[in-house]
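*Asks:* Can you keep this structure in mind? I'll have questions shortly.
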Amino acid sequence: MNQQVEKLYRIAQQKERRIIGLMSGTSLDGLDIALCRIGSSGQETTLFLDNFTTIPYDTTFRQRIREIFAKRHIDQQLLCALHAYVGKTHGELINRALEQWNIPSSDVDLIASHGQTVYHAPQRLTGETILPNSTLQIGDGDHIAHITGIITLSDFRQKHVAAGGEGAPLAAYGDFLLFSSETENRFLLNIGGISNFTFLPKKESELKAYATDLGPGNTMMNQFAFEQYGLEMDENAQIAKKGTVDIALLEALLTAPFLHADFPKTTGPELFNLAYLREAQTVSNTSSIAPENVLATLNKFAAQAIVDGIIRASAELEDVHIYVSGGGIYNPLLMKNIRDVFTSVSVSSFSSLGLNPDAKEACLFALLANETIAGSPSHVQQIKDSPAICMGKISLPY
Ligand SMILES: Nc1ncnc2c1ncn2[C@@H]1O[C@H](COP(=O)(O)OP(=O)(O)OP(=O)(O)O)[C@@H](O)[C@H]1O
Ligand SMILES: CC(=O)N[C@H]1[C@@H]2OC[C@@H](O2)[C@@H](O)[C@@H]1O[C@H](C)C(=O)O
């Protein structure tokens, strides 16, 4: 037997695996690296986060990705090169993190790499009926395996698409195993570039768990802050706090059919972008309002899409508790806009469930790799619209 296949076979039989989960989100801020210790699999899964870091991308890396990110028309030569370059860079960043943590690569069993989403195209966005749902994450797993010497699983979303899904959100698979409760109906709200939640019904409930995207999260605020002020974000909502919400613009922004479609559903900056803003400004006759008012309105828009979605999903439920993660928790105005609505529902940081919120998505991919190598897909019958599948492609180091 090939020694690497034999090694993988041994890893699959271990009681516990050390898996590095990687996430590089739509905000393009950096690479999240989570070293997890994962015991058992399926309903018996345990997960401990041993080490976590986010290594920020340098400006050149960010600029290169931005040249193709969420764009319909791009330079194919650049796409081709970035597939290798992102893989190579991610491999090098893992080596750097392991060195900082003083952990030899031989102590790590597997890497689980999400890659960098560059385009997300469900049929609900494209309007296609013949061409299928599709999504593209770059950063080839062979490069990561070769550079780190660690067996790598990557490209998790393709199997979900192949089995009839939109390729996202995948969060329900992990959240269901780790965070379901006996006493609470939980909404695990993540506010990254795009906002999404996982609904986890009480354990004895007949309802099924599911995950869904909700709306723009931080992405439109980030894009506008970059265009108008050259800033990566409206840090601490300093600019939005100086503005006022323009109701006509807000109402125009809230008309996207995506926002009113049934759950689960997915979206991305392919829809929620500055072109979408400009269209809403034209329709609402607000093209010349001050930039701080636009930011205040975009902030309110992101909050409203979240609030409307959760209210709709929780209408018939009692004992509802919302746990929030993602970079949006650091935006005080966004959190205020959300909390002001949920006066009788408790809204807590996801950290109260015992896991660093910034590491949540990277841990999810470590858990998905664990399921693929050592799990059985039986429990996913309790998750709505989630095909029982093993996700991720396996890359051997040499
Ligand atoms: N202090 C802050 N003030 C305002 N916004 C902040 C602050 N800190 C983080 N953010 C927002 O959070 C974003 C990063 O969030 P996160 O890392 O969760 O996104 P992501 O993982 O890239 O997105 P996704 O989950 O959609 O893929 C930043 O781009 C910024 O918009
Ligand atoms: C295509 C894609 O990369 N989608 C991401 C993105 O970031 C948030 C939201 O949009 C979610 O649908 C998904 O990520 C999380 C980790 C998921 O799959 O659950």
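Note that Cβ sites are derived from N, Cα and C of the backbone, with glycine treated the same way.
OK, TrEMBL features for this one:
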- G25, T26, S27, L28, D29, G30, L31, D32: ATP binding site (BINDING)
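Each of these features: where is it, how hidden is it, and who are its neighbours?
*Replies:* Sequence-distant contacts of G25 (ATP binding site), defined as residues of its own chain at least six apart whose C-beta falls under 8 angstroms from its C-beta, comprise D32, T117, G192, G193, E361. Under the DSSP three-state reduction, G25 (ATP binding site) is assigned to coil, being neither helix nor strand.
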*Asks:* If you draw a 10 Å sphere around the Cβ of G30 (ATP binding site), how many other Cβ atoms fall inside it, taking every protein chain shown into account?
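*Replies:* Excluding its own Cβ, the number within 10 Å is 18.
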*Asks:* On the three-state reduction of DSSP, what should I expect for L31 (ATP binding site)?
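*Replies:* For L31 (ATP binding site) - judged by DSSP and reduced to three states - the answer is strand.
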*Asks:* Just checking: which of the binding-site residues G25, T26, S27, D29, G30, L31 have a C-beta under 6 Å from ligand 1?
*Replies:* G25, T26, S27, D29
*Asks:* Please go through the binding-site residues T26, S27, L31 one by one and keep those whose C-beta falls under 6 A from any atom of ligand 2; give the result in sequence order.
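*Replies:* If the test is a Cβ under 6 Å from any atom of ligand 2, the answer is T26.
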